[in-house]
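Reading through the structure tokens given below for one structure.
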Amino acid sequence: MSGTATFTFIRHAESTDNVKSVWAGWSDAPLSNHGMCGPSELTKPAIPTRFRHESAIFQQARALVTSLSMTTFNAILASPLKRAHMTALELEKCQTTSQPLLISPLLKERHFGVAEGKPSFWKRDLNRSLDDHVSDGIYPSLNGRNERFPEGESLDDVRNRAIQAWENMLLNYVHEACENHTHLHIAVVSHGLFIREALQALTRYDNALDLTTINGQWLRNTGWARVVLQVKGNVDQQEWAKHLQVELTHFNECAHLNTMKRQRGIGSTAYDSRQKDIRNFFTNRKPNEQ
């Protein structure tokens, strides 16, 4: 079997919860104005210089899809949570050929249970248990891979869900690529903690995988990581998953954010497609009114 499958894991654009100090896992916050921008914005006329400070000219979703506009994806997969789904829709619109957008709950962020939407406290009283904190309405940082808030997930739970995603969905693209001796490129729009666990889960298939690049790093909003999977050598059709070679080629790629500015006033509020951009004001005025 020969062939390769590339997976580009993209963290969603900024949500309204990202600008708050709250636990936001399965809480379904939409993208903020700073995070969202439709592809139609690419063709709108420039704002007069004196007004440029009023608008986030290079907003995250637009900057992302522009940077990936020359990349053709064979499929786009996304978490059903609004912040990931909305980001994936923008990515889909900017593809030159129509590609299926597949939604899976396996790609959701870590569930923080009863702490969802509650203020996060990064300090905790070491003399008190997590349950003691929660009973007082305090939701501190979690320790280790097994600790979880009531009704929530631990990091090990997220890792197991990531393994399910690989085995139930993602590895199917590797098999297809190898069986047809071709290359497939899949975009996966998800969340920071999930993507990290999904990448680390790949050591299950290739224990030589070097993940030192991700140590101490976290994906920024719309930052992306990329892994390439292929089958090593000629192996039996039934044994191919045991002979995978995995390479992490990129992590936290976010150069597209370098020139972005936050829109004053409403940059952190929820994105609404009905909102009028300041460009519309100048577009609809007569030349002598500009």
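Backbone N, Cα and C atoms are what each Cβ position is placed from, and that goes for glycine too.
Where the annotation comes from TrEMBL, it is an automatic prediction and has not been curated.
Take the substrate site that TrEMBL assigns to Arg11, His12, Ala13, Glu14, Ser15, Thr16, Asp17, Asn18: the candidate from Arg83, Arg110 listed for it is Arg83.
When the record's substrate-binding residues Arg11, His12, Ala13, Glu14, Ser15, Thr16, Asp17, Asn18, Arg83 are compared pairwise by CA position, the greatest distance found is 15 Å. In this structure, the CA atom of Arg83 (substrate binding site) is 6 Å away from the CA atom of His12 (active site, tele-phosphohistidine intermediate).
Local packing around the Cβ, expressed as the count of other Cβ atoms within 10 angstroms, is greatest for Glu109 among the recorded positions Asp17, Glu109. Across the structure, Glu109 (active site, proton donor/acceptor) and Asp17 (substrate binding site) place their CA atoms 13 angstrom apart. DSSP gives His12 (active site, tele-phosphohistidine intermediate) a coil state; it is part of no helix or strand.
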